[in-house]
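Engineer: Before I ask anything, here is the structure I am working with.
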Amino acid sequence: MSSSNLGNVVCVTGASGYIASWLVRLLLHRGYTVKATVRDPNDPKKVDHLVKLDGAKERLQLFKANLLEEGAFDSVVQGCHGVFHTASPFYHDVKDPQAELIDPALKGTLNVLNSCAKSPSLKRVVLTSSIAAVAYNGKPRTPDVVVDETWFTDADFCAKSNLWYVVSKTLAEEAAWKFVKENNIDMVTINPAMVIGPLLQPVLNTSAAAILNLINGAQTFPNASFGWVNVKDVANAHILAYENASASGRHCLVERVAHYSEVVRILRELYPSLQLPEKCADDKPYVPIYQVSKEKAKSLGLEYTPLEVSIKETVESLKEKKFANL
C-alpha cells in the first residue's frame with residue numbers, strides 16, 4: 001500500500017459497478033480513503049465484494065445515493081479532494097430510453113457535478129465517459145482512419161439509429177463539459193471502449209456478457225468491430241488522470257480494435273476444446289476495423305494489457321463466478 005495518499009479522500013459514484021469496483025480496489029490499495037455511493041447499501045450483491053477489499057475496513061465508507069435525487073451527493077462530496085463519477089447505466093435492451101438510460105446519465109451527471117460545485121475541497125473530477133461519446137458521427141471508420149479525442153459523437157445521428165446508450169453517454173459528456181466550464185471545475189474524462197477482464201462484482205455486466213455469449217454455445221458471432229480494453233487498465237487510467245496534474249480533456253482507451261471473428265480466433269487458440277461459433281451472424285462483408293489514438297493514454301503513463309490476456313482473464317473469471325459452465 002502507498003502511504004503517500006493517506007488523508008487523501010475521494011468519492012466514487014456507482015461503486016458496485018464493473019469499472020468502479022476495480023477503481024475502489026486500486027484506490028484503497030494506493031492508500032486513499034474512499035467514500036463510495038451505491039443505490040442500496042443493504043443489498044449484498046452491491047456491497048459485499050466491496051467491503052471485503054483490502055483496506056476497506058479502515059478506509060471505505062458506503063453511502064446511499066440516487067442519481068436522480070437532487071442534492072443526494074452533497075454530503076458525500078463534501079470534504080473530498082477528488083470525485084470519480086462512474087455511475088451510468090449500460091445495457092442494450094431498453095423499453096424507455098429516456099427514463100432508463102438518458103435521464104440517469106444526463107441528469108445524474110449534472111446532479112453529481114452540482115454537488116462538486118458546492119465543495120471547496122474539490123481539486124478534480126474524473127468522469128467515466130465512453131468511446132461511445134467519441135466515435136459515432138457518421139464519418140467512415142476504416143483501417144486507415146484514426147479516431148482521436150477531437151471526434152465527437154452526433155447524438156441526433158445516433159438517435160435515428162436507436163443507439164440509445166451512445167446517445168446517453170454523448171449527452172451526458174456534452175452537458176458535463178458545459179457545466180464545468182461555467183462553474184470553473186477541473187474535469188477530465190476517461191473514454192473506454194468495450195471493457196473486459198476479471199469481474200469483482202457478483203452480477204454479470206454487459207461487456208463481459210459479450211464474451212460469455214461466445215463461449216456459452218452461441219451459433220454465430222456478431223458482425224461488428226469494437227475497441228477492447230482491460231478493466232484494470234481503465235481503473236488505473238482514472239487514477240492516473242486524477243493524480244497527474246497536467247492531465248486534461250478526454251482520454252480514449254483502446255488496446256486494440258478487433259472484429260468479433262478475431263476475438264473468436266483468440267478464444268479458439270486459448271481454449272481449443274471449446275464449442276465456439278463458426279460463422280458470422282450475417283453474410284455481409286465484415287465491418288472493418290479502424291485505429292484509435294493511444295497518445296492521450298500514453299501521456300498518462302498508461303500501459304495496456306494485451307487483448308489476448310484480457311480475453312483469458314475474462315473467461316477464467318466467468319468460470320470462477322459460475323457464469324460459464326466449461
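Note: Cβ is positioned from N, Cα and C throughout, glycine not excepted.
Below are the features listed in Swiss-Prot for this protein:
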- 14-20, Arg39, Lys46, 66-67, 86-88, Tyr165, Lys169, 192-195, Ser207: NADP(+) binding site (BINDING)
- Ser130, Tyr136, Arg141, Tyr165, Met194, Ser207, Phe226, Val257, Tyr290: (E)-coniferaldehyde binding site (BINDING)
- Lys169: active site, proton donor (ACT_SITE)
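I'd like to know what surrounds each of these features in this structure.
Structural biologist: For Ala87 (NADP(+) binding site), the count of additional Cβ atoms within 10 Å of its Cβ stands at 26 [all protein chains shown].
Taking the Cβ of Tyr290 ((E)-coniferaldehyde binding site) as centre and 10 Å as the limit, one finds 19 other Cβ atoms among all the protein chains shown. Following the DSSP three-state reduction, the secondary structure of Tyr290 ((E)-coniferaldehyde binding site) is coil.
Counting every protein chain shown, 30 other Cβ atoms lie within 10 Å of the Cβ of Lys169 (NADP(+) binding site).
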Engineer: Around Ser130 ((E)-coniferaldehyde binding site), which of the listed binding-site residues (Gly14, Gly17, Ala20, Met194) come within 10 Å, judging by Cα atoms?
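Structural biologist: Cα within 10 Å of Ser130 ((E)-coniferaldehyde binding site): Met194.
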Engineer: Does Gly14 (NADP(+) binding site) have same-chain partners at least 6 apart in sequence with Cβ under 8 Å from its own Cβ, and which are they?
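Structural biologist: Looking at Cβ-Cβ distances below 8 Å from Gly14 (NADP(+) binding site), excluding near sequence neighbours, one finds Ala20, Thr37, Val38, Leu67, His85, Thr86, Ala87, Ser88.
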Engineer: What are the sequence-distant neighbours of Arg141 ((E)-coniferaldehyde binding site), meaning same chain, six or more residues apart, C-beta distance under 8 angstroms?
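Structural biologist: Same-chain residues close to Arg141 ((E)-coniferaldehyde binding site) (Cβ under 8 Å, separated by 6 or more) are Ala135, Val147, Ser225, Pro288, Tyr290.
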Engineer: Considering the binding-site residues Asn66, Ser130, which residue's Cβ sits among the greatest number of other Cβ atoms within 10 Å?
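Structural biologist: It comes out as Ser130.
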Engineer: Just name the winner among Ala20, Met194 (the binding-site residues) by count of other CB atoms within 10 A of its CB.
Structural biologist: Ala20
Engineer: Of the binding-site residues Gly17, Asn66, Lys169, Met194, which one sits closest to Phe226 ((E)-coniferaldehyde binding site) when you measure Cα to Cα?
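Structural biologist: For Phe226 ((E)-coniferaldehyde binding site), the closest Cα among Gly17, Asn66, Lys169, Met194 is found at Met194.
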Engineer: Among residues Ser130, Tyr136, Arg141, Tyr165, Met194, Ser207, Phe226, Val257, Tyr290 annotated as binding (E)-coniferaldehyde, what is the maximum Cα-Cα distance? Answer in Å.
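Structural biologist: In whole numbers, the farthest two Cα atoms are 21 Å apart.
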